Amino acid sequence: MYSLARPFLFAFDAERAHALALRAIDTAYRTGTTALVATRPVPLPTPAFGLMFPNPVGLGAGLDKNGEHIDALLALGFGFVEIGTVTPKPQEGNPKPRMFRLPEYQAVINRMGFNNLGVDVLVKNVQRARRRGGLLGINIGKNKDTPNEEATSDYRYCMERVYPLADYITVNISSPNTAGLRELQEEQALRRLIADLRETQEALAAQHGKRVPMLVKVAPDLNDRDIDAAARVLADLAVDGVIATNTTVTRTLVASHPMAEQAGGLSGAPLLGQSTLVLRRLRARLPESIPLIGVGGITSGADAVAKMAAGASLVQCYSGLVYRGPRLIGECVDAIRRRRESPSGGAVGPL
């Protein structure tokens with residue numbers, strides 16, 4: 001079905017095509033025809049962060065920034081859906097055009113800039129959702145006009161608002177499209193921010209009588225020293241999990257493409273190698289008590305298995321869906337199932 005729709009969608013610019021695809025998914029959900037678009041995978045229960053996921057394949061943040069499509073997306077067969085990135089105040093993001101396809105590479109470049117309607121709107125949307133069939137992550141960020149020195153207040157505000165509704169919360173400090181945001185990954189800044197948010201998390205757990213896991217999403221462009229420093233901080237502060245990785249600012253593998261010079265984060269197939277290297281190094285540096293979600297470059301079941309082999313407990317797709325459609329979800333679940341049932345049991349490979 002998606003193979004028939006893709007030429008139509010690709011006739012539009014990438015951001016417009018995303019909106020049309022979401023509208024189609026919503027229509028299928030409302031009319032009970034989602035089965036024509038995607039086949040729900042056989043459950044593959046997977047534990048992580050103290051939660052039980054129906055299957056280990058999720059949707060990465062960015063597609064549903066305001067939580068407007070949660071039920072329709074879960075109906076496609078995802079084990080979990082991550083919405084956002086959401087900020088305290090609404091913001092328009094960067095000027096359009098700000099999303100570009102590189103079909104020859106199964107890649108996307110975006111410089112969206114945390115465009116969203118604000119956390120209060122997202123909360124209302126989540127409250128309306130039925131949330132059947134999977135878990136919900138909420139990805140939080142800071143407004144672009146909030147200086148890094150005051151970033152903690154933005155993250156804290158968002159965490160307080162979404163805490164009662166989220167199955168897990170992701171702290172996004174790694175988007176390349178908000179000026180200066182990645183500076184929060186530097187060791188001392190990271191330690192200050194995460195220490196404060198861990199205190200907030202524990203206070204909210206006491207207030208609400210439940211503990212919602214807090215994850216941190218990191219960039220693929222960290223060098224080995226930066227990865228080791230980040231791992232040290234995240235282990236010291238006992239975060240619940242890490243998502244590896246966000247998009248990359250490097251263009252080495254797509255340098256010949258006419259869109260390669262567009263500013264923004266590159267995602268899709270060219271990101272697979274670098275994001276998986278970061279994932280593998282983090283797995284070697286972090287205690288087993290901190291699970292990892294592998295994201296970046298998954299366009300096949302084999303790619304999902306590569307993430308699991310590098311140490312991921314769960315995986316997420318996004319750009320791969322642009323090129324493969326919803327069938328990618330079931331393909332990834334089935335590939336991970338075969339790996340799990342293999343005699344080796346899926347041990348992590350060497351660094």
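Using the three backbone atoms N, Cα and C, a Cβ is placed for every residue, glycine included.
Features as listed in Swiss-Prot:
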- SER175: active site, nucleophile (ACT_SITE)
- ALA61, GLY62, LEU63, ASP64, LYS65, THR85, ASN139, ASN172, LYS217, THR245, GLY268, GLY297, TYR318, SER319: FMN binding site (BINDING)
- LYS65, ASN110, ARG111, MET112, GLY113, PHE114, ASN172, ASN177, ASN246, THR247: substrate binding site (BINDING)
Distance [Cα-Cα, Å, rounded] between LYS65 (FMN binding site) and GLY113 (substrate binding site): 11
Cα separation, GLY113 (substrate binding site) to LEU63 (FMN binding site) (Å, whole number): 13
Among ALA61, LEU63 [binding-site residues], residue with fewest other Cβ within 10 Å: LEU63
SER175, LYS217, TYR318 filtered to the recorded positions whose C-alpha is within 10 Å of ASN246 (substrate binding site): SER175, LYS217
Neighbours of the residue listed as 'active site, nucleophile' among the binding-site residues ASN139, GLY268, TYR318 (Cα to Cα, within 10 Å): none
Largest inter-residue Cα distance among ALA61, GLY62, LEU63, ASP64, LYS65, THR85, ASN139, ASN172, LYS217, THR245, GLY268, GLY297, TYR318, SER319 [record-listed FMN binders, Å]: 20
Set of same-chain residues at least 6 away whose C-beta sits under 8 angstroms from GLY268 (FMN binding site): LEU102, TYR105, GLN106, ALA107, VAL108, GLY297, THR299, SER319, GLY320, VAL322, TYR323
ASN139 (FMN binding site), number of other Cβ atoms within 10 Å: 26
Rounded distance in angstrom between the Cα atoms of ASN172 (substrate binding site) and TYR318 (FMN binding site): 16
GLY113 (substrate binding site) and ALA61 (FMN binding site), Cα-Cα, nearest whole angstrom: 13
LYS65, ASN110, ARG111, MET112, GLY113, PHE114, ASN172, ASN177, ASN246, THR247 excluded, remaining Cβ within 8 Å of their centroid (substrate): GLY62, THR85, GLY93, SER175, PRO176, THR178, GLY264, GLY265
Site with most surrounding Cβ atoms, counting all protein chains shown within 10 Å, from the recorded positions ARG111, GLY113, SER175: SER175
Under 8 Å by Cβ from LYS217 (FMN binding site), same chain, sequence gap 6 or more: ALA61, ASN139, THR170, VAL171, ASN172, ILE173, SER174, VAL242, ILE243, ALA244, THR245, ASN246
TYR318 (FMN binding site), number of other Cβ atoms within 10 Å: 20
